Structures are given as structure tokens and as C-alpha cells.
Amino acid sequence: MGAARLRGRRGAHPAQRRAQFLCAGTIVEGLPGGSRRWHRRRSASGQNGCGRRRVSKYAGVRTLILLRHGQTEWNAVDRMQGQIDTDLTELGRRQAKEAARELVSRNAIAIVSSDLRRAYDTATALAEHTSLSVETDPRLRETNLGRWEGLTHYEVDAEYPGARVAWRLDAEYTPPDGESKLRVGARALPVVRELYTERQDWPGRTIILVAHGGLIAALTAALLDLPPRNWPALGGLANTSWVQLSSHGPSIDQPGWRLDVWNAAAKVAPDVL
């Protein structure tokens, strides 16, 4: 008997047929409980089982925490820092340690910080509670405030009447020789996109970025793809408060970012109003 005929016979014998799996809740004809049509589980066009799609390499929720630095001397006197490199006060260092104790339970896989000292020192306090080192990225620096840097709020208001209010309410407003909120969001967004691509261990885990109030608000608005007119809805952040977002989307081009927490574990301080 030829091999082809043997294969044909084996295929025709019920005991040798490949098992057919059923979707949950179906009933096979002839069994107790009545007769219903049943559907074979299929795998075609990206389907696996009863309508379940194959899991892509980007599957799983990615959690992103954006932590603002601790208090600086300039924060305490309402002096605008921008990208001027200032130090934490003793209170700011205590705030950083307190935030670290709160966030250590998140089991972060990476800590990335602005390279300005106030952010880096805050990130270092967090890293001391983990086995992680701090990576720095200058794209996470605070907004370039141009001619406003080094001036107090009162001095800016006296020299540029109404300008600070316009800046608060208009994401496209640019301080003299500085940058707009839209520009800040555009420079920071690639940091997250690169992490999305490079950190294959991110799904189901947390990454923490340590930065500045203005940058965190702009980056959050950019991640959420908010129209510019809605950017001012994201208010000020207190020192060492944080924002939490989560990505539920299927790909880097459709990340599906959601805002989970805003200004967590702190109340809004006078220096950010």
C-alpha cells in the first residue's frame, strides 16, 4: 500500500484527526444540553484563538513617572531659574529623600534626569534607594526663559507688564530670547519615544524621569497630544511632586498615553502658582 494511501487513511480515521478546540461556552451537536453550531478556533489575519490578537513586542502597559526636583534657593524667593544651574536647599534635599521613599516601591527599571544639578541631585536621592544609576539627558532641561532668567516674578512683571500672564495662558508665547512651551514639549518628547523603542523591558514596569515643572507640564501635554489651547489646563507642580502617565497603545506610533496622576503627594506650593 503506498505512502499516500496510508496518509489518506490516517487522516480519515477519527482517532487520528487533529484535535479541534472550541471557544468558551459553545456546545457540540449531539451532546446533552441541546444542539448548537460550534466554531473552530482559528488563527488567521493576526487572530489567535477566539478572536485574540497576537501580542506585539510593544504589548503591556508602560508606566512613566515625571518627578519635579526639590526646592532651590531661587524657588524660595520666586526667582525664575530657567536653565540657570542652581542647587537644592536643605529643605529640597529632604524633599528629595521623602519622594524617594515614596517612589522606591514602583520598582523602576530606569531613572533619567535633566543634567541640571537640582534635578540630578533629586534623582540621585532616588537612585540611592535602588540598584539603578542615574542617566542624564539635556533635553530634559527646564524651559529656556531667555531674558527672564535670574529675575524675580516682581521684576519680570515690572519690566514686561502682562507678559508672564500671557506666557501662562498661551503655549505658543515665547519669552524674550527664550522658548515656548510647545518648543519645550517638542524637544522632550523624543526622549520618551527613544525609551519606548530601546527599553524592551518597559512593558509592565516603570521608568522615572526627573526634571522641572515647566518641562513636565509641556511633556505631559505633548504625550497626551493636547491641542495648544488646552495646555494651560495642566497647572503648577510643587517641588518633588510627580505626574504619572501610562501607555496602553499597540505601538510607538499609537502609544495611547493616559494621565493617571497629577501633582501627587504634594499640594501646590506658592512658587508654582
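Backbone N, Cα and C atoms are what each Cβ position is placed from, and that goes for glycine too.
Just so you know, TrEMBL annotations never went through curation; they're auto-generated.
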Write down the one residue from Arg101, Arg106, Arg117, Arg118 that TrEMBL lists together with Arg68, His69, Gly70, Gln71, Thr72, Glu73, Trp74, Asn75 as binding substrate.
Arg118
Which whole-number value in Å describes the distance between the Cα atoms of His69 (active site, tele-phosphohistidine intermediate) and Arg118 (substrate binding site)?
6
Any idea of the Cα spread of the substrate site, Arg68, His69, Gly70, Gln71, Thr72, Glu73, Trp74, Asn75, Arg118, as a max distance in Å?
15
Glu142 (active site, proton donor/acceptor) and Arg118 (substrate binding site), distance between Cα atoms, whole Å:
11
About how far apart, in whole Å, are the alpha carbons (Cα) of Trp74 (substrate binding site) and Glu142 (active site, proton donor/acceptor)?
14
Please report the three-state DSSP label of Thr72 (substrate binding site).
strand
Tell me, how many other CB atoms lie within 10 A of the CB of Arg68 (substrate binding site), whichever protein chain they belong to?
30
